Amino acid sequence: MRLFRSREVVGIAADALDFALEASAETHPNEYMGLLRGEEARRVGVDRDGYVVTDVLIIPGTVSDPYSATVRNDLVPNDFHAVGSIHSHPNGVLRPSDADLDTFGSGRVHIIIGSPYGPDDWEAFDQSGEVRDLDVLDADLSDPESFFDFTQDDIDAELDR
């Protein structure tokens, strides 16, 4: 079973992008890094085929400085909704470095956010490091507190997908 799904990522929820921009600004002057989680577009009220980035997962044990951020792979969850990665460049450069490209092999979309972390200070890339379109979408996201409200039936249904 693959960690990253092969279906196309059609956009990012505005709330998820806002969270990442704020987190990047708060982490400055160090790099910020997270993983992107997606849901089927229609499940979040978007009338399109494919996935929408709905969440940014912060991985415990991530170490960062002004030039890099490193995620501990042993702490990355086996999340079947993972669609890519996101990180900041405190120097504002919105191009992937060689080290970035080495991490782009898994996932369909990778986002780099640059200082000063405004609404247009980011770029999306494909696995090869080529710029790609990624629409900012108004998605119907669930209340984050509801994440912890589930039953065994919910778990079984998720595993059967």
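A Cβ is built for glycine as well, from the same backbone N, Cα and C atoms used for every other residue.
Record features, source Swiss-Prot:
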- GLU31: active site, proton donor/acceptor (ACT_SITE)
- HIS87, HIS89, ASP100: Zn(2+) binding site (BINDING)
- 10-131: domain 'MPN' (DOMAIN)
- 87-100: motif 'JAMM motif' (MOTIF)
- SER97: site 'Transition state stabilizer' (SITE)
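Remote same-chain residues near the motif 'JAMM motif' (87-100) are listed as 24, 27-34, 66, 68-69, 110-117, 121-123, 125, 129 (criterion: CB distance under 8 Å, separation of at least six residues from the stretch ends). Looking at ASP100 (Zn(2+) binding site) and GLU31 (active site, proton donor/acceptor), their Cα atoms lie 12 Å from each other. Other than HIS87, HIS89, ASP100, the residues of this chain whose Cβ falls within 8 Å of the Cβ centroid of the Zn(2+) site are, in sequence order, GLU31, MET33, ALA69, SER88, PRO96, SER97, ILE112. In this structure, the recorded positions GLU31, ASP100 were compared by how many other Cβ atoms lie within 10 Å of their Cβ, and the smallest count belongs to ASP100.
If you draw a 10 Å sphere around the CB of SER97 (site 'Transition state stabilizer'), it holds 14 other CB atoms from the protein chains shown.
Counting Cβ atoms from all protein chains shown, HIS87 (Zn(2+) binding site) has 24 others lying within 10 Å of its own Cβ. If you take the Cα of SER97 (site 'Transition state stabilizer') and the Cα of HIS89 (Zn(2+) binding site), they are about 10 angstrom apart, rounded to a whole number.
According to DSSP, HIS89 (Zn(2+) binding site) sits within a strand segment. The separation of the residue listed as 'active site, proton donor/acceptor' from HIS87 (Zn(2+) binding site), Cα to Cα, is 7 Å. In the domain 'MPN' (10-131), helix, strand and coil residues by DSSP number 27 helix, 44 strand, 51 coil. When pLDDT is averaged over the domain 'MPN' (10-131), the result is 89. Long-range Cβ contacts of HIS89 (Zn(2+) binding site) within its own chain (separation 6+, distance under 8 Å): GLU31, ILE112, ILE113, GLY114, SER115.
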